[in-house]
Amino acid sequence: MSACQTPVIVALDFPTREAAMRLADQLDPKLCRVKVGKELFTSCASDIVEALRGKGFDVFLDLKFHDIPNTTAMAVKAAAEMGVWMVNVHCSGGLRMMAACREVLEQRTGPQPLLIGVTVLTSMEREDLAGIGLDIDPQVQVLRLAALAEKAGMDGLVCSALEAQALKAAHPSLQLVTPGIRPAGSAQDDQRRILTPRQALDAGSDYLVIGRPISQAADPAKALAAVVAELA
């Protein structure tokens, strides 16, 4: 059973193990989970997951796998064997790819990570989608991919909080993981479709990914506590 008692996931967006662990040392695994992304994992490989789990953290491995079905499924299996709590793949990889990932996890014994689909990145707006041949609103594409993910047996979705309400209404069984969360008064940085933590939960998000407002705070533990207090 997870020790974490909140929906907060802190993004460890750092280039080195030392920097990531320095922040982790200031955080309480009862108050947050942690996310390991491409930069940190490429630098440290599975060692960083092992180190974070050793400190009691649930780890969200945010590598957004996207490849042919067998290759993606084997990557998801490797993540599960690493002991991660959550792993994600791009829904745009298609139904067969997502279903292969679901199947490989069901064939394993022991704890299973949550299998999450990535819909439309929170940095993308309509003009960005048009640039890759999809001349539709991001919300429309999100709903299309969500239906595909549910059909494939995914546990949930990564989505903007602005899509959460519609997704919960259409797919109530899917758990929603929302990046781009910025506490009131924080800079937007490179996220575009954002809400505050309280707004995101009220909209239907189940987990909230928060990066710089905590990781770059003068006192990360205090910043985390403030977010948790906002959600109480």
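Heads up, the Cβ atoms here are built off N, Cα and C, so glycines get one too.
Listed features, source Swiss-Prot:
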- Asp13, Lys35, 62-71, Thr122, Arg182, Gln191, 211-212: substrate binding site (BINDING)
- Lys64: active site, proton donor (ACT_SITE)
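On its own chain, Leu63 (substrate binding site) has Gly37, Lys38, Phe41, Ala75, Ala79, Val87, Asn88 as residues at least 6 apart in sequence with a Cβ closer than 8 Å to its own Cβ. Summarising the environment of Pro69 (substrate binding site), the number of other Cβ atoms within 10 Å of its Cβ, over all protein chains shown, is 18. Of all Cβ atoms in the protein chains displayed, 20 besides its own lie within 10 Å of the Cβ of Gly211 (substrate binding site).
According to DSSP, Gly211 (substrate binding site) is assigned to coil rather than to any helix or strand.
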